[in-house]
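Enquirer: Please read through the structure below; I'll follow up with questions.
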């Protein structure tokens, strides 16, 4: 065997934050910008060998992340500062490594995850924002966040989310277990916070689109429960825009002991 083949392989996990505004989603694609492509390029420069990453959840074009988790394997030995500060020095300003952790061989960023948590931020004022405009979704009609909160509670538990599932979704089943969903107002901002074991394609944005109809008074509070029972995507509201959506946290078994930095984004407390 060669000397290279004898080198031990290390599995490393990273926490990643990114502004998805200028990317065609997380996943590497030919001829378009992706978060994965930029991260793998920066990691490969630091490792001095090709690096491929696996992520906890592939976000769509325009969607952001403050709590994305990835893992990769390498024979390169580097200090933690190289995998954080060094990689960040090679990344564009809208992508950053938040933490690094050596993990055992049975850790997998996607398959070891037990839950994912998203936050959707709505800027609820008559006129659009100029600052952070790509990090929020503007909705000009007044929203009743308390009404939205009450309506949303019908989604908690294990349910068939066909009514909130994109037509092109490739998941084998529409059943998901929603652990919590909370709608809160912070001044001009309405935040929808939802955690589930996993999500079908566009599930959060489809739920938010329908909740905004309830919050604006266009539909009764009971409408969300009716949509869930109907199992018909055509009856629900339009998909909410990507700009306001953030993957903020991914849960793993405690034995992996991964860091838990503040979820955010920005001023939002855990």
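Keep in mind that glycine also has a Cβ here, set from the backbone N, Cα and C atoms.
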Enquirer: Under Swiss-Prot, which of the candidate ranges 92-96, 97-101, 102-106, 107-111 is annotated region 'RNA binding'?
Expert: 107-111
Enquirer: Of 168-172, 173-177, 178-182, 183-187, which range does Swiss-Prot call region 'Interaction with tRNA'?
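Expert: Based on what Swiss-Prot states, region 'Interaction with tRNA' spans 168-172.
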Enquirer: Would you identify the secondary structure of residue 58 (site 'Interaction with tRNA') according to DSSP, in three states?
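Expert: It is coil.
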Enquirer: Which residue, of the recorded sites 58, 78, 110, 126, has its CB surrounded by the fewest other CB atoms within 10 A?
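Expert: Looking at the recorded sites 58, 78, 110, 126, the Cβ with the fewest others within 10 Å is that of 126.
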Enquirer: Tell me, how many other CB atoms lie within 10 A of the CB of residue 60 (active site, nucleophile), whichever protein chain they belong to?
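Expert: Excluding its own Cβ, residue 60 (active site, nucleophile) sees 17 Cβ atoms within 10 Å.
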Enquirer: Sort the recorded positions 78, 110, 118, 126, 139 by C-alpha distance from residue 60 (active site, nucleophile) and give me just the closest.
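Expert: With Cα distances computed to residue 60 (active site, nucleophile), the winner among 78, 110, 118, 126, 139 is 118.
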Enquirer: According to DSSP, how is the region 'RNA binding' (107-111) divided among helix, strand and coil residues?
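Expert: DSSP classes over the region 'RNA binding' (107-111) add up to 0 helix, 0 strand, 5 coil.
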Enquirer: If you measure residue 110 (site 'Interaction with tRNA') to residue 58 (site 'Interaction with tRNA') at Cα, how many Å is it?
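Expert: Cα of residue 110 (site 'Interaction with tRNA') to Cα of residue 58 (site 'Interaction with tRNA') measures 10 Å after rounding.
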